[in-house]
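Report on one structure; see the data block that follows.
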Amino acid sequence: MSVRRRLVIGNWKMNGSKAENEQLLSDLVKLQNAAAANQAAELAVCAPFPYLQQVADILKDSAISWGGQDVSEHAKGAYTGEVSVAMLAEFGCAWAIVGHSERRAYHGEGSDVVARKAAAAIAGGITPVVCVGETQAEREAGKTLQVISSQLEPVLALGADAVTKMVLAYEPVWAIGTGLTASPEQAQEVHAHIRSLLVQADAPEQRVLYGGSVKAANAASLFAKEDIDGALVGGASLVATDFQGIANA
Ligand code: PGA
């Protein structure tokens, strides 16, 4: 019997403003307090870097944790525009998303860089949320599991000590922000594959989140699948009731 606690992480991407964040977070805290007694899921938000202090101030006494949407592979130095794990830790971050498909597609991040970022996060005491996922073309070519394996290869090669400090997220690129969700069966097939790789890596109980147009309406059927341990949520994480609805699912 698995003891993996469900985890729902909001990825705000490049959205928000001080006023909007204030509203969203205070609504979330209220909803969370109301739901706390009967909700088993752990909740987190990953905000744009400039707002981390604001997020920390509002969430510090809540059960909701927070994180960054990326982290540098480097500890410090001449890396203009980058943010280090020590900086994230100073703002109380528990999480750093690494290898999101938008970083891979728009910033040319390959799986080796993603693995180094995951290692840097772990070294700094922050849990990396390592994202993998195939494109529509890769799925149509029957290459989904092969793509997932190769994206995870350098990450799992970090060894069991590292992998047991990670969360993985399966996010089919064709489902992100498109309103198309993988069916629970399609998602479970990939999650089971990832689980088998985790078993080989000696980290069988790591949580594997699903991401890609998760909404309150489709969350329960995804979470019912054996190897789906929660969700990484973009669009729906920007509306407090939608996000809390996913956590309640
Ligand atoms: P979406 O984004 O929920 O808006 O599809 C998910 C993600 O990119 O993490």
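All positions are counted from 1 along the displayed chain.
Here the Cβ of each residue, glycine as well, is placed from N, Cα and C on the backbone.
Listed in TrEMBL:
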type     : residues                              : note
BINDING  : N11, W12, K13, G177, S213, G234, G235 : substrate binding site
ACT_SITE : H100                                  : active site, electrophile
ACT_SITE : E171                                  : active site, proton acceptor
Measuring Cα to Cα, how many Å separate G235 (substrate binding site) from E171 (active site, proton acceptor)?
14
Highest Cβ count within 10 Å among the recorded positions K13, H100: which residue is it?
H100
Residues other than N11, W12, K13, G177, S213, G234, G235 within 8 Å, Cβ to Cβ centroid, of the substrate site?
N15, I176, V233, A236, S237, L238
Do you know offhand how many angstrom separate G177 (substrate binding site) and H100 (active site, electrophile) by C-alpha?
13
Can you list which of these binding-site residues (W12, K13, S213, G234, G235) have a Cβ closer than 6 Å to ligand 1?
S213, G234, G235
Using DSSP reduced to three states, classify N11 (substrate binding site) as helix, strand or coil.
strand
In three-state DSSP terms, the structure that the residue listed as 'active site, electrophile' belongs to:
coil
For each of N11, W12, S213, G234, count the other CB atoms within 10 A of its CB; which of these binding-site residues has the top count?
N11
Per residue, counting other C-beta atoms within 10 angstroms of the C-beta, which of the binding-site residues G177, G235 reaches the highest number?
G235
